[in-house]
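Remarks on the structure that follows.
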Ligand SMILES: [Zn+2]
């Protein structure tokens, strides 16, 4: 008289996209993260604008004193310019990251540790908008 019990496994629902949806954060906390991210984005944007201004000036300087420069001077300026371009690109990338983070926050899937599933503290998210691990898990990762 053993009844088959084999029908339960199909219902474990692994395909549900919101399967990890036990995570909730209060609206106030979400707002706090959003504010931190937006502030961060504005900061980066300002830095980026400054960097672009400097780059434009370096560029202009280069055109102005083209011929008379000695080799070393030109070399220094080229280097400065390259560093400035790298910096600007870096900033732009970070701005993109923060904007993506804001989008993901709106979708409710931002700020959770990919490893342990805990909420990543607001302060950490503000400092590292691209963080996908909590400090604890990050340390474990780095130790490997
Ligand atoms: Zn974690």
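Cβ atoms are placed via backbone N, Cα and C, with glycine included.
What TrEMBL says about this one:
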type	residues	note
COMPBIAS	1-14	compositional bias 'Polar residues'
DOMAIN	108-143	domain 'Zinc finger DksA/TraR C4-type'
REGION	1-32	region 'Disordered'
REGION	57-77	region 'Disordered'
ZN_FING	113-137	zinc finger
Distant-in-sequence neighbours of the domain 'Zinc finger DksA/TraR C4-type' (108-143), which means Cβ under 8 A and at least six residues beyond its ends: 20, 23, 25, 29, 32-33, 36-37, 39-40, 94, 97-98, 101
Arithmetic mean of per-residue pLDDT over the zinc finger (113-137): 91
